[in-house]
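Participant: I grabbed these lines from TrEMBL:
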COMPBIAS  17-26  compositional bias 'Low complexity'
DOMAIN    132-321  domain 'Amino acid permease/ SLC12A'
DOMAIN    421-690  domain 'Amino acid permease/ SLC12A'
DOMAIN    814-1071  domain 'SLC12A transporter C-terminal'
REGION    1-71  region 'Disordered'
TRANSMEM  140-165  transmembrane segment
TRANSMEM  172-196  transmembrane segment
TRANSMEM  208-236  transmembrane segment
TRANSMEM  257-274  transmembrane segment
TRANSMEM  280-299  transmembrane segment
TRANSMEM  417-437  transmembrane segment
TRANSMEM  457-483  transmembrane segment
TRANSMEM  495-521  transmembrane segment
TRANSMEM  551-569  transmembrane segment
TRANSMEM  576-597  transmembrane segment
TRANSMEM  617-644  transmembrane segment
Amino acid sequence: MPTNFTVVPVEDEEGDSNSAAAAGSSKPVSLGNIFGEEDDEDNLQDPHSGDDSQRESSQFINSDDDGEPYYEGKNMALFEEEMESHPMVSSLLNKLANYTNLTQGVREHEEAEDGVRRVAVVVPQMGTFIGVYLPCMQNILGVILFLRLTWIVGTAGILGSFAIVSICSMQTLLTAISMSAIATNGVVPAGGSYYMISRSLGPEFGGAVGLCFYLGTTFAGSMYILGTIEILLTYIVPTATVFKESENDAMLNNMRVCGTCCLLLMALVVFVGVKYVNKLALVFLACVFLSILATYAGVIKTIIEQPDYNVCLLGNRSLKNEMFETCAKTKVVKNKTENTDLWNLFCDSNATCDEYFDLNNVTEIRAIPGLLSGVIKDNLWGDYGPAGMLIEKKDQPSVEAQDTSKDEKKPYVFNDIATYFTLLVGIYFPSVTGIMAGSNRSGDLRDAQRSIPIGTIMAIVTTSFIYISCVVLFGACIEGVVLRDKFGYSVQKNPVIGILAWPSPWVIVIGSFFSCCGAGLQSLTGAPRLLQAIARDGVIPFLQANGEPTWALLLTVGICEIGILIASLDAVAPILSMFFLMCYLFVNLACAVQTLLRTPNWRPRFKYYHWTLSFLGMSLCLSLMFICSWYYALVAMLIAGCIYKYIEYRGAVKEWGDGIRGLSLNAARYALIRLEEAPLHTKNWRPQLLVLCKLDSDLKVKHRRLLSFTTQLKAGRGLTIVCSVLEGTYMTRGNDVKTGEQNLKAAMAAEKMKGFSHVVASSNLRDGFSLLIQSAGLGGMKHNAVLMAWPADWGQARDSSARRNFIETVRETTAAQQALLVAKNIDHFPGNQERLKGGTIDVWWIVHDGGLLMLLPFLLSQHKVWRKCQMRIFTVAHMDDNSIQMKKDLQMFLYQLRLDAVVEVVEMIQSITDVSRSSIKRKNSPGAPSFNTLCIEEDKAQLIHDRNTASHSKMNDKAAGATPDRVHMTWTKDKLVNERNRQREGMGVKDMFNMRPSQSNVRRMHTAVKLNEAVLKKSRDSQLVLLNMPGPPKNKKGDDNYMEFLEVLMDGLDRVLLVRGGGREVITIYS
């Protein structure tokens, strides 16, 4: 039936003030009209005016608290109490719409800074072209293009150079695809590649690769500075040297001195004003583009006119022409033949000339034959050689001399280093390492998810075209001997690319100089801020971030100086190649892992990626690392590995939802499924412990030594679950459960214990422990043994819950076929820091339990606490047993089990079931110990008969006139004998059945007494005693007796471990 709601109409502000009268004339209003009003919040009465009865009452709104915040939109009153933790969608969308990226070097958006008010950030305005494309172009095109590409083409040939450029470009393109997928998978705050790797692969990989990327950027600064000094000392100011060329290693020493000065100057510029570096970036980029345009213009000009640069050859050997002008042996001056400067270089004052000079003619050829000259055929193949090899034109005729010992002192052009393909790959690769420039500026982009993929891939395509075209054009225009001349000695000490450029070589010289300066400044600017970003994350303890990266700049300068002291651009280039390749490797790995795991959060907007491309890029990175330099690759991996292990061991715990965690979850799921496919073999059995702990009133662990003993038993291997139960419901004790779990984890950490902790709330302890025994663990990783402490307070009350809980736990572990370990006096067990100097671990093997009794001492002896303790095994021989043969058999069994232990057989000749004979023998033996030492004390030997025994005694007592409710009998020596004789005198058939429970208890008690006597005699001073734990009675009315039996069995012993097997073999003699 339809339902009408009655509400009190409220007048608006423009109405009259007789709201009370209006309240009386209320009328039914439909539900739709109520929630359709959007302006009700403006029409409410003042809560302090009028009657409280006029307020709207609802079971969802707490109307008693006037201090509650009033939320807009009364139709959300149903969710009013959750508004603080669950904001309205409208406010959430408003916050997301106003989101702005943080500036470079500031903590990421997801890590809140307590108590610090965030500074408002101006919305970035950089687009794809300015923010990504141009920075990538500037970083990719640089020193290698101007100083080494012509030499690489001449040494490797056009085909070899094409292969080098193609491999490196392919690798960077694959990395850019993976990087684009990561960059478009959500908002990327400032931090670039480090941020992407750390958030995708975790803090360990992120910190290791981040530091490698930092080292790569720092050594890149060294390379750019060395390139700057090489251009300065070789082409601009050759005379600005400290060491003369006559001295050994003069060029290297000049590079070191001038490079250090340049480094200090650049560091000062970076320290004083970073903004000036950013303002000059456009100037440096313009220099790069002008130089490239001049090169292309020069290539076009060779079709029309060949440049006026010649190479002088002596035979087929290239000569340095900076020391002579005329390429001839003699010249005619005023009809008179005179020797040239070249003659004077090869001949002395006595007209004695070098043998090779006499045998060969001097010829002069064009350095740049031109694009249509056909020289491309001669430059297709490479010309590798050792250091000191002469640069020769192979198709030129030459007569070899016999004596070549003086060649190195002649003005020939030599190879300064040994050349081979893999070396050239390592030298060339830094020219493609600028692909991260766009992602490093992600915090300054208007739309990073759109700009980074487009700008980076377009920059790679453009620069790859430039490099490949330059390889072909250089090989098609320039003579081979000139291409192999690294420093341009054969063309009047001009850069080889400079003599091709139009209108002048100085365009290349000046452009490359400023390009190298700008790249060096940017490296010194970016590297300290990258290190600061890593420090701000707090994953590496020895890095601290505060304010400006001044200390980071000093560290960067120090590391950069190491590269400058190497003083060779060719030696520094492979070093930074290693670090960049490692960074790119992990970018590809991150994309591949995220793609294969298919995590719900992996939803990149960039769709043109695949895990196979990422794996191909990763394989290329790894291959290039070992191709460039296998020993540098190993060193780089060692550095990254050490940083990884350091962060894992000492670093801060960070949870960034990384892919490695997802990979671990998938691996764990796969392993758990595999474990359940087949039953566990005996050889693989190890105790997977469920440790039942008690928490005190402060929710602290009551018996800490129980955790210590677990650590000693497990040695960090296998499954360990530490759990506890709190009485109550989870709704009322939820906070206590969380506190208890935290305390358990803290206690486990203090004991260096590897495992899991779990605290549950249950209506009673019995049900809680029962549920844990049944359901703890997952799949194949379930516990197979339960460890608990002996309930020392079980006898304090007749209805002790501790007694019932303990016996029910024993029954349930037996039913679940799980082993049970019960430690008596657990607080007396040694801690993890103690070292037992000696002593024994005694095993009393009474019944076979699957070998668990013998396996546990072996596991304990693996730990440093018990390592010096000797293992002893005792077994019991009865009257019909051959004790000598038993000992031999047990020794052979232990030998086959590969266990070292002392074996001893304890003979128990008298029957422990014959109480009368035992009592008489003790009574008639004058040297025997007193009864109090062999049997139980009176207060510990009280047996409670079951109902049948009680009824039988009741009938006898009734004949004597006594009618007690229950019969309590203390079994002393005399009473035991008298009761036994009295029962034998008038025993009928029915009485015999009624007597059996009492007699069973008597036999069990005397078994405990005799075993305790034997154990005390042999193992009173042992460090630990392991005993078979007898099972509980099937009749629950005998529970008190059972606890008495166990108490007597362990009486007088300090450290005891009761062991009850799980019903399966746990140790085997087979391999």
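Backbone N, Cα and C define each Cβ position, glycine as well.
TrEMBL labels come from automatic prediction, so no person has curated them.
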Participant: Looking at the stretches 208-236, 457-483, 495-521, 576-597, which one shares the most CB pairs under 8 Å with the transmembrane segment (140-165)?
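Facilitator: Most contacts with the transmembrane segment (140-165): 457-483.
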Participant: So, does the transmembrane segment (280-299) come close enough to the transmembrane segment (576-597) to give 3+ Cβ pairs below 8 Å, pairs being at least 6 apart in sequence?
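Facilitator: No, the transmembrane segment (576-597) and the transmembrane segment (280-299) are not in contact.
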Participant: Answer yes if the transmembrane segment (551-569) and the transmembrane segment (457-483) have at least three CB pairs under 8 Å among residue pairs 6 or more apart in sequence, and no otherwise.
Facilitator: no
Participant: Do the transmembrane segment (257-274) and the transmembrane segment (617-644) share at least 3 Cβ pairs under 8 Å, sequence separation 6 or more?
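Facilitator: Contact between the transmembrane segment (617-644) and the transmembrane segment (257-274): absent, because fewer than 3 Cβ pairs are under 8 Å.
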Participant: Are the transmembrane segment (280-299) and the transmembrane segment (495-521) close, by which I mean at least 3 Cβ pairs under 8 Å that are 6+ residues apart in sequence?
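Facilitator: Taking Cβ pairs at least 6 residues apart, the transmembrane segment (495-521) and the transmembrane segment (280-299) are in contact, with 3 or more under 8 Å.
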Participant: Decide whether the stretches the transmembrane segment (617-644) and the transmembrane segment (457-483) have at least 3 CB pairs under 8 angstroms, with pairs required to be 6 or more apart in sequence.
Facilitator: no
Participant: In terms of Cβ proximity under 8 Å, which residues at least six beyond the ends of the transmembrane segment (208-236) contact it?
Facilitator: 142-143, 147, 193-194, 197-198, 201, 251, 254-255, 258-259, 262-263, 266, 430, 433, 436, 487-488, 493-495, 498, 509, 512-513, 516-517, 519-520, 523-524, 526-527, 530-531, 533-534, 540, 556, 559-564, 566-569, 572-573, 575-576, 578-580, 582-583, 586, 636, 639-641, 643-644, 647
Participant: Do any residues, 6 or more residues outside the transmembrane segment (495-521), come within under 8 Å Cβ-to-Cβ of it, and if so which ones?
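Facilitator: That would be 138-139, 141-143, 145-147, 149-151, 220-221, 224-225, 227-228, 231-232, 235-236, 262, 266, 269-270, 277, 280-281, 283-285, 287-288, 290-291, 294-295, 297-302, 307, 309, 367-368, 474, 477-478, 482-483, 485, 488.
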Participant: Could you please provide the mean pLDDT value for the domain 'Amino acid permease/ SLC12A' (421-690)?
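Facilitator: Mean per-residue confidence for the domain 'Amino acid permease/ SLC12A' (421-690): 86 out of 100.
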